[in-house]
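Peer 1: Below: one structure in structure tokens.
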Amino acid sequence: MVRIDGSQGEGGGQVLRTALALSLVTGTPFEMVNVRAGRAKPGLLRQHLTALKAAEAVGAAEVTGAELGSKQLSFHPRALTAGNYHFAVGSAGSATLVLQTVLPALLHAEGPSTLMLEGGTHNPAAPPFDFLEKTYLPLLNRMGPRVEVVLDRPGFYPAGGGKFRVNIQPAKLQPLHLMERGRVLRREAVAQVAAIPFDVARRELETVAGVLKLREDQQRPEELKRAFGPGNVLRVEVESEHVTEVFTGFGERGKRAELVGEEVAAEVKRYLDAEVPVGEHLCDQLLLLLALAKGGGFRTLALDAHAHTQRETMAHFLDVNFDVREVARDVCEVTVRG
């Protein structure tokens, strides 16, 4: 039984999600104390409880502490089972994070799986659906499996109500090497609003276009059905020869549209200036995939707290070496060996 202190690193939900994913893959039981101790509301929130119950279903696991607010739990997987699953967060909590909890395990299952997930798809504190569809899954599919996603309905914070489907064809993960971004082929900014004044989208695009020098045909405002709102997301897609990165910002009550645009533009500019293929959010996800593949490497921005926490948690379950080398200012090269 592995024992994990959930306050390690930044002390968020990532420690739990990674532990659940690797427990399912390796069959190693664990217990965790101080769950999400580093957050303003520690313990299990609804999205973390949904992720725990999803892992319980996929792994036919024995679980203790599966209740809202729980700060201690244990998880003992029995049998990893492919199948048809439906997981609903029941709030605007991130459904994409629930998927990322069980997906690594279902990649190792003996047959295909289909999932229906409901909850938040565009949440400021989680990877949005667009990142999943355009950035993460194309790289995962390059490693062997075939995973497809379809968005039926977006779910913005705080209303939620999003829904998407996932088809998973498992396969042995092959190492991935992503050291070069290649030539930038396309840049596009998309601002979506639902039950929010359309002018918000225009102002966000005007701001981000001014910083990134985007032409008018590289800017796309979209008005979604009012029933999907209220919600607003600004995303910039940077498609290169070897990878597509997606950067997002979210409108919030009292936050100027111009500030949303400035923040996203700054993130994109940092990525482009560094000339790396992998942004900081993708880095966290690739660390886990390459560890499971027992090989690979990539160039990215300087590792953030999320990445360091990810490595610490994986060390409880996997015997994998991570070599991190700084190759330039704000640029590092990560090599994984199993």
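Note: Cβ is positioned from N, Cα and C throughout, glycine not excepted.
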Peer 1: Figure out which of Q100, Q169, Q174 sits with H281, L282, C283, D284, Q285 in the ATP site per TrEMBL.
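Peer 2: Site partner of H281, L282, C283, D284, Q285 for ATP, according to TrEMBL: Q100.
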Peer 1: Whose Cβ lies within 8 Å of the mean position of the Cβ atoms of Q100, H281, L282, C283, D284, Q285, the ATP site, other than those residues?
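Peer 2: Near the ATP site, beyond Q100, H281, L282, C283, D284, Q285, sit P127, Y136, E280, L286, L287, H306.
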Peer 1: Max Cα distance spanning Q100, H281, L282, C283, D284, Q285 (ATP binders), Å?
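Peer 2: That value is 14 Å for the farthest Cα pair.
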Peer 1: For the domain 'RNA 3'-terminal phosphate cyclase insert' (180-272), DSSP counts of helix, strand and coil?
Peer 2: 37 helix, 33 strand, 23 coil
Peer 1: Give the distance between the Cα atoms of Q285 (ATP binding site) and H306 (active site, tele-AMP-histidine intermediate), rounded to the nearest whole Å.
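Peer 2: Checking the Cα atoms of Q285 (ATP binding site) and H306 (active site, tele-AMP-histidine intermediate) gives a distance of 10 Å.
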